[in-house]
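Enquirer: Structure provided below as structure tokens; questions to follow.
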Amino acid sequence: MDKPLSINGERLWQRLMDMGAIGATSKGGCNRQALTDEDAAGRKLFTDWCTAAGCEIRRDAIGNLFAVRPGTRADAPAILTGSHLDTQPTGGKFDGVFGVLAGLEVIESLNDARIQTEHPIAVVAWTNEEGCRFDTAMMGSAVWSGNMTLQDAYNLTDSDGVSVRQELERLRQLGDDGLSPLQVLASIEAHIEQGPVLETEGLEIGVVTGVQHMSRHRVLIHGVEAHAGPTPMNLRRDPSRALGEILPRLYRMSNQFGVDARLTVGIISTEPGSSNTVPGLLTFTVDIRHPDGCQYQAMVKEFERITGEVCAEQGLPMESHCFWRAPGVEFNSRCIDAVRDATRNCGYSFREMVSGAGHDACNVASRVATSMIFIPCRDGLSHNEAEYSTPEQVAAGAQVLLNAMVKLAEGQCNEARDSTTRPLNTFA
């Protein structure tokens with residue numbers, strides 16, 4: 001077994017803290033929403049570090065920011081890593097940022113060891129991953145991968161009517177020389193888990209094999225507005241009563257699909273919203289997730305059956321529609337192997353797992369061989385100012401990333417020399 005390459009954990013931790021000072025909140029988190037002045041300041045700090053490390057800085061038309069460490073072979077496609085620098089309004093210091101700065105630490109560590117790679121090493125900061133200011137999550141990687149048109153992204157506006165295109169121009173983040181998918185051989189994204197599994201099981205690394213199927217549904221139940229005092233209970237057409245029967249049935253249903261099933265009722269609202277009026281309309285949302293495609297589809301069908309059945313029994317008209325869907329993603333087996341082998345070689349405890357959340361890697365995987373690395377986060381918290389991973393956990397994730405990326409580059413270089421028929425940007 002080869003001795004693993006090492007990263008500088010103190011340097012990586014200090015940079016996480018320095019980046020976290022930009023847009024810092026009173027409770028220890030960050031507010032660097034996409035294409036704000038704070039986001040631009042974070043991007044500048046990142047590019048300054050990358051330039052000092054000898055990287056070439058490139059931007060594409062949606063503002064995705066690439067820092068490229070050249071390889072020794074001019075025509076070789078890059079090994080890509082990275083994530084995002086934008087945050088939720090009350091986000092933490094680690095979501096996305098860890099993946100970007102761990103990628104930079106890979107480059108710094110290769111520089112320290114004076115190791116030249118045949119393939120370039122590239123770190124990307126994707127634009128608007130969070131989707132909180134401009135309401136499309138993973139926007140930059142979606143445009144890059146062809147899953148969203150550039151014009152559709154440009155046309156997105158925030159609550160003040162300001163468009164993505166306007167902010168890209170204002171902040172001078174528009175470019176035309178980013179890396180294309182054809183210039184990338186493989187990608188590994190490092191990220192905090194955003195859940196409690198690794199911490200609960202006392203494990204150091206998650207080897208991510210894919211992302212679960214997920215969708216969001218909106219249900220509207222129509223009732224009749226009536227005065228809360230004079231209207232007898234048995235004569236009401238009350239959508240709240242229907243919801244009272246629907247929710248326990250949905251939760252029992254989700255339990256029947258095992259520990260991997262996820263069902264979340266995230267929003268409940270009534271109209272007219274008066275405390276002494278029977279609602280005329282109740283709206284609620286349901287988020288459904290499962291790593292197994294057949295089980296996921298069965299959950300959706302059961303959700304639709306239960307809501308329709310209860311409303312029909314109570315004589316209440318209802319509508320249900322899916323307003324967002326993301327199919328499950330299976331990551332590339334060779335990229336997964338690279339992460340698993342690097343984890344073992346570094347001596348870290350691990351488990352294989354499916355991501356419960358969507359990531360830029362989902363879009364990237366539609367064009368490029370991809371996998372992910374997870375590290376634990378305290379209490380499983382994310383999208384929260386209390387989000388936290390320890391310096392040791394951060395260093396472990398970056399250590400695995402470094403060794404997995406080097407393994408991918410070396411393995412594919414050897415294979416490319418042995419075969420002239422396999423495209424360089426695909427893995428079997």
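Keep in mind that glycine also has a Cβ here, set from the backbone N, Cα and C atoms.
According to TrEMBL, the record shows the following:
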BINDING   His84, Asp95, His191  Zn(2+) 1 binding site
BINDING   Asp95, Glu130, His383  Zn(2+) 2 binding site
BINDING   Arg216, Asn276, Arg289  allantoate binding site
Enquirer: Taking the centroid of the Cβ atoms of Asp95, Glu130, His383 (Zn(2+) 2 site), which other same-chain residues have Cβ within 8 Å of it?
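Expert: Other same-chain residues with Cβ inside the cutoff are Thr87, Gln88, Gly91, Gly92, Gly96, Glu129, Cys132, Ser382.
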Enquirer: If you count other C-beta atoms within 10 angstroms, which of the binding-site residues Asp95, Glu130 is the most crowded?
Expert: Asp95
Enquirer: Considering Cα atoms only, can you say which of Glu130, Arg216, Asn276, Arg289 is the nearest neighbour of His191 (Zn(2+) 1 binding site) among these binding-site residues?
Expert: Glu130
Enquirer: Count the other Cβ atoms sitting within 10 Å of the Cβ of His383 (Zn(2+) 2 binding site), across every protein chain shown.
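Expert: Result for His383 (Zn(2+) 2 binding site): 17 neighbouring Cβ atoms inside 10 Å.
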Enquirer: What is the set of residues, excluding His84, Asp95, His191, whose C-beta falls within 8 angstroms of the centroid of the C-beta atoms at the Zn(2+) 1 site?
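Expert: Output for this site, in sequence order: Ser83, Phe94, Gly96, Val97, Phe98, Gly99, Glu129, Ile192, His359.
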Enquirer: Roughly how many angstrom lie between the C-alpha atoms of Asn276 (allantoate binding site) and Asp95 (Zn(2+) 1 binding site)?
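Expert: About 43 Å separates the two Cα atoms.
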Enquirer: To the nearest whole angstrom, what is the C-alpha distance linking His383 (Zn(2+) 2 binding site) and Arg289 (allantoate binding site)?
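Expert: It is 19 Å, counting Cα to Cα.
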Enquirer: Given the binding-site residues His84, His191, Arg216, which one's Cβ is surrounded by the fewest other Cβ atoms within 10 Å?
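Expert: Comparing Cβ neighbours within 10 Å for the binding-site residues His84, His191, Arg216, Arg216 has the fewest.
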Enquirer: Fill in the CA-CA distance, Asp95 (Zn(2+) 1 binding site) to Glu130 (Zn(2+) 2 binding site), as an integer in Å.
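Expert: That comes out at 10 Å between the alpha carbons.
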Enquirer: What does DSSP say about Arg289 (allantoate binding site): helix, strand or coil?
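Expert: The three-state answer is strand.
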Enquirer: Just to verify a number: CA distance, Arg216 (allantoate binding site) to Glu130 (Zn(2+) 2 binding site), in angstrom, no decimals.
Expert: 17
Enquirer: Reduce the DSSP letter at His191 (Zn(2+) 1 binding site) to three states and note it down.
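Expert: Once the DSSP labels are grouped into three classes, His191 (Zn(2+) 1 binding site) ends up as strand.
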Enquirer: Can you tell which of Asn276, Arg289 has the least company, meaning the fewest other C-beta atoms within 10 angstroms of its C-beta, among these binding-site residues?
Expert: Asn276
Enquirer: Measuring Cα to Cα, tell me the gap between Glu130 (Zn(2+) 2 binding site) and Arg289 (allantoate binding site) in whole angstrom.
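Expert: Approximately 19 Å lies between the Cα of Glu130 (Zn(2+) 2 binding site) and that of Arg289 (allantoate binding site).
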